[in-house]
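Read through the structure below, which is laid out as structure tokens, and then see the notes.
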Amino acid sequence: MKELLSRYPVSPQATQNTHINADKYQQMYQQSIEQPDVFWAEQAEQFIDWYKPWKQVSEVNYQTADISWFKGGQLNVSYNCIDRHLASKANQTAIIFEGDEPTDDFRVSYQELHDNVCRLANLLKTRGVSKGDRVCIYMPMIPEVGYAMLACARIGAVHSVVFGGFSTESIKARVLDADCQVVITADEGVRGGKKIPLKANVDAALVDCPDVHSVIMVERTGVEVNWQDQRDVNYQEVINHYEPMCEPEMMDAEDPLFILYTSGSTGKPKGVLHTCGGYILYAAMTHKYVFDYQEGEIYWCTADAGWITGHSYIFYGPLANGATTLVFEGVPTYPDAGRCWQVCEKHQVNIFYTAPTAIRALMGLGDELVEKHDRSSIRLLGTVGEPINPEAWHWYYEVVGQSCCSIVDTWWQTETGGILITSLPGAVDMKPGAAGKPFFGVKPAIVSKEGDVLEGEARGRLVMTGSWPGQMRTVYGDHQRFFDTYFSQYTGYYFTGDGAKRDADGFYWITGRIDDVLNVSGHRLGTAEIESALVLHPKVAEAAVVGYPHEIKGQGIYCYVTLMSGVDCQQSLTEELQALVADELGRFAKPDYIQFAPGLPKTRSGKIMRRILRKIAENELENLGDTSTLADPSVVKDLIDNRIVHG
Ligand code: WTA
């Protein structure tokens with residue numbers, strides 16, 4: 001490897017063709033901050049087709065957590081993602097599907113996308129779905145997941161996509177919380193050569209969801225499944241009976257578009273609610289500028305539709321821009337770890353967007369698998385989900401990108417709807433490991449724990465001053481929780497939950513979550529959710545879960561478990577508990593380590609001191625900090641003596 005630089009200046013060559021260059025960034029950013037409503041009104045006109053203009057660009061009150069953008073404006077998101085492109089792009093590819101097996105691929109044109117979405121929208125209507133109803137989508141990564149999302153958007157139904165890796169329990173909780181009465185799923189998913197029993201999981205989840213009257217099932221593998229005649233509908237059998245025309249519903253900008261559940265530091269996952277107008281504008285605009293998307297390019301984001309990245313940057317943003325977006329069913333390591341580069345070569349991918357955890361995993365397997373595929377089509381690389389360590393950044397830049405692609409590290413959250421901080425290609429220098437600078441209209445600030453706003457070079461907590469159109473509007477069914485989670489800590493600011501520093505050049509570096517949220521292979525998990533799963537076991541009295549740095553996954557899951565008195569801690573119990581968590585939450589949440597402990601370190605008021613547990617899990621024993629407030633300091637010695645030394 002060549003010398004590792006800590007800053008890669010924007011090259012003059014790069015600025016010639018990108019949508020934004022350094023001067024334009026400055027000028028547009030300035031305007032977006034000084035006259036936000038003027039700025040956003042212009043963008044909304046440029047990016048989105050409206051049936052009716054809005055009455056007010058924005059109305060934001062962080063004291064009550066009431067946020068609206070483009071209120072009174074009417075539009076339809078599916079129209080913006082499909083219909084308006086048909087005049088010039090009916091035959092252009094909207095979706096390239098690349099199946100789990102490298103021989104399995106096909107293309108979907110904008111016209112075909114239109115017809116498929118309309119048919120499914122009509123099917124939903126005949127099952128009684130109308131504007132405002134919630135529809136759960138539990139699907140593998142096949143084009144139909146996109147059809148399902150857009151069909152809901154077309155008729156004004158609110159989708160709630162549940163990641164295909166989630167368990168029965170998670171489906172059930174989400175269906176009930178949003179009162180979904182229709183579920184769209186597939187018989188099975190296929191990933192890395194393995195089958196995932198999606199329909200069976202749905203069947204099991206719905207035993208406790210009596211209000212679900214329809215399950216629409218796409219056949220992916222043709223496996224035999226249980227069938228309830230009244231409830232279940234076979235997509236392939238019926239879909240061609242429906243008209244490929246369905247008038248899009250006129251939606252208010254502030255009507256809900258979707259709910260997406262995400263983990264927080266306490267309680268059960270929150271239903272993050274996004275609305276039509278602001279969200280689609282923000283997804284489209286960030287997609288165009290952050291990935292510097294140019295007409296005709298092939299764009300590939302490897303995320304799953306079950307996460308916000310899949311929503312904003314596989315489907316909504318790219319399709320709103322009339323792009324060609326690649327939908328990949330498989331995993332980066334199947335049939336071998338060269339799969340991503342093989343797919344890039346085969347489909348001549350220009351823009352590739354993935355997570356640091358995937359980069360680290362592939363980096364460890366050597367350069368040969370990368371180099372044997374032609375990557376000359378790739379022009380821009382992106383990362384999302386967690387901070388990228390400089391070593392992985394350099395490998396991505398030099399080996400994958402052959403030192404000639406821009407890398408955009410993109411910081412954002414389910415709650416933010418789209419990217420808030422990044423190094424805009426052609427406009428902002430790249431610093432490996434730094435997220436970069438704010439996107440247009442975004443005003444980050446760093447505050448101390450106590451809430452003092454820190455200027456200049458600073459380290460503290462990341463908050464946002466003011467709103468942007470893609471911001472979530474509420475926690476579904478619990479507006480108080482929305483306020484409490486994001487606006488109660490620092491009055492007048494949106495609190496991100498992340499720690500960050502700002503360097504002398506104004507670049508933001510994300511230092512990780514400061515709350516009890518873990519980031520495991522880019523999947524967001526609340527420690528409280530894992531703890532709740534563990535204590536379901538009859539032998540478990542109490543559990544505390546912390547994260548520790550993991551070379552590939554970013555963070556691993558380390559659990560401290562106190563057993564009921566008289567219970568022995570055998571190896572089989574470790575396995576049982578790991579399986580229990582996987583069952584309750586999904587396989588990606590399976591704990592790496594379980595340490596049985598006679599007691600947990602608690603303050604005299606009974607609060608578990610996680611700081612200490614984190615240090616022990618990280619094997620950082622010198623730095624345990626103040627233990628004088630512990631009710632029983634002797635538990636710490638036992639925890640240290642019996643810690644699991646790893647890595
Ligand atoms: C983390 C994913 C550093 C962060 C889009 C955030 C990142 C959480 C980055 C949101 C990045 C995401 N650099 N950290 N580029 N991107 N994060 O809701 O802690 O699944 O708060 O959204 O991921 O995760 P979520």
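Each residue, glycine too, has its Cβ placed from N, Cα and C.
Among the features that TrEMBL reports, domain 'Acetyl-coenzyme A synthetase N-terminal' is placed at 25-81.
What TrEMBL records for 83-467 is domain 'AMP-dependent synthetase/ligase'. Confidence for the domain 'AMP-dependent synthetase/ligase' (83-467), expressed as mean pLDDT, is 97.
There are 11 other CB atoms within 10 A of the CB of Gly193 (CoA binding site), with all protein chains counted. Annotated CoA binding site per TrEMBL: Arg191, Gly192, Gly193, Lys194, Thr309, Ser521, in sequence order.
Listed in sequence order, the residues of the same chain lying 6 or more apart from Trp412 (ATP binding site) and placing their CB within less than 8 Å of its CB are Ile308, Val384, Gly418, Ile419, Leu420, Ile421. The ATP binding site annotation in TrEMBL covers Gly385, Glu386, Pro387, Asp409, Thr410, Trp411, Trp412, Gln413, Thr414, Asp498, Arg513, Arg524.
Across the domain 'AMP-binding enzyme C-terminal' (529-607), DSSP helix (H, G, I), strand (E, B) and coil residues number 24 helix, 28 strand, 27 coil. The feature domain 'AMP-binding enzyme C-terminal' is assigned by TrEMBL to 529-607.
Annotation source TrEMBL lists Mg(2+) binding site at Val535, His537, Val540.
Residues or ranges marked as N6-acetyllysine by TrEMBL: Lys607. Within 10 Å of the C-beta of Lys607 (N6-acetyllysine) there are 11 other C-beta atoms, taking all protein chains into account.
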Per DSSP, three-state class assigned to Thr410 (ATP binding site):
strand
Which value in Å gives the longest Cα to Cα span across the ATP site residues Gly385, Glu386, Pro387, Asp409, Thr410, Trp411, Trp412, Gln413, Thr414, Asp498, Arg513, Arg524 as recorded?
18
Env. residues of Mg(2+) site, Cβ within 8 Å of mean position of Val535, His537, Val540 Cβ:
Leu534, Leu536, Pro538, Lys539, Ala541, Glu542, Ala543, Val561, Leu577, Leu580
Sequence-ordered binding-site residues from Arg191, Gly385, Pro387, Val535, Val540 with Cβ under 6 Å of an atom of ligand 1:
Gly385, Pro387
Reported as an integer number of Å, what is the Cα distance between Ser521 (CoA binding site) and Val540 (Mg(2+) binding site)?
27
Could you give the Cα-Cα distance between Gly192 (CoA binding site) and Pro387 (ATP binding site), in whole Å?
26
